[in-house]
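Over in TrEMBL, the protein carries these features:
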{"type": "DOMAIN", "residues": "1-217", "note": "domain 'ABC transmembrane type-1'"}
{"type": "TRANSMEM", "residues": "6-26", "note": "transmembrane segment"}
{"type": "TRANSMEM", "residues": "38-63", "note": "transmembrane segment"}
{"type": "TRANSMEM", "residues": "97-116", "note": "transmembrane segment"}
{"type": "TRANSMEM", "residues": "156-180", "note": "transmembrane segment"}
{"type": "TRANSMEM", "residues": "200-224", "note": "transmembrane segment"}
Amino acid sequence: MTVRLMGIEFLVSIAIALPIGIISAVKQYSVTDYVVTVISFLGMSMPTFWFGLLMMMLFSVVLKRPSGMPLLPAGGFITPGLEEAPFWAKLGDRAQYLVMPVVVLAFSSLGGYARYMRSSMLEVIRQDYIRTARAKGVPERSVIYKHALRNAMIPIVTLIALSVPGIVGGAAITETIFNIPGMGSLIIQAETKADYPTAMIGLMLSSVLVIAFNLVADIVYAWVDPRIKYS
């Protein structure tokens with residue numbers, strides 16, 4: 001369950017953070033830039049446990065469906081009795097359980113990604129080769145997405161790779177709040193109950209993730225920047 005939650009959260013946060021970071025850099029000091037900055041700082045500063053409880057109160061207590069049921073389930077991962085339901089029925093049911101945890105995790109991650117993307121993009125678009133491309137009449141869209149973006153992505157790849165183990169830590173808190181039976185909540189239970197072998201497995205897994213995603217980052221470098229060669 002943790003892998004599914006982390007995977008969806010990762011895709012959602014990257015899909016939102018990178019575009020708004022690029023837009024914020026291109027439209028520096030505009031209203032759009034200020035709005036993105038405020039959202040980013042809110043995401044970085046808001047504790048996941050507090051935001052999770054706030055979401056739970058809003059969508060499971062305050063907001064109701066016409067039938068009187070909560071708009072979104074407060075916790076768990078599947079409605080009792082649907083274990084043997086058809087695939088699409090289970091998929092839709094589990095999706096509603098993942099909405100709030102994914103929003104909580106993605107909101108806390110996208111702030112940092114968007115700020116780093118903005119900073120990296122601003123540094124690149126001030127380079128001489130970007131001015132040269134604009135002076136030659138290259139369309140602005142090509143300047144940004146063809147010439148600037150690939151170079152701006154190099155530090156972002158490092159950030160994303162190193163933040164994956166941290167997502168596991170955030171998932172542990174979120175899984176505990178929303179009562180999701182995942183790896184993160186298992187590690188927290190192991191630590192509170194002094195189950196040291198299980199806790200050590202979680203620590204070892206985090207270490208493996210750090211090494212694995214550093215390797216992935218090195219591989220992606222060569223794809224992002226053709227100047228980087230491994231021999």
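In case you wondered, yes, glycine gets a Cβ from its N, Cα and C as well.
Curation does not apply to TrEMBL; its annotations are automatic.
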Checklist entry - So, does the transmembrane segment (156-180) come close enough to the transmembrane segment (6-26) to give 3+ Cβ pairs below 8 Å, pairs being at least 6 apart in sequence? => result yes
Next on the checklist: Please determine whether the transmembrane segment (38-63) and the transmembrane segment (156-180) are in contact (criterion: at least three Cβ-Cβ distances under 8 Å, sequence separation 6 or more).
Outcome noted: yes
Checklist entry - Apart from its near flanks, which chain residues at least 6 from the ends of the transmembrane segment (200-224) lie with a Cβ under 8 angstroms of it? => result 150, 153-154, 157-158, 160-162, 164-165, 168-169, 183, 186-187, 190, 230
Next on the checklist: Which residues of the chain, 6 or more past the ends of the transmembrane segment (97-116), have a CB below 8 A from one of its CBs?
Outcome noted: 4-6, 8-10, 12-14, 16-18, 20-21, 24, 36-37, 39-46, 48, 51-52, 55-56, 59, 72-73, 75-78, 155-156, 159-160, 163, 167, 170-171, 174-175, 178, 180
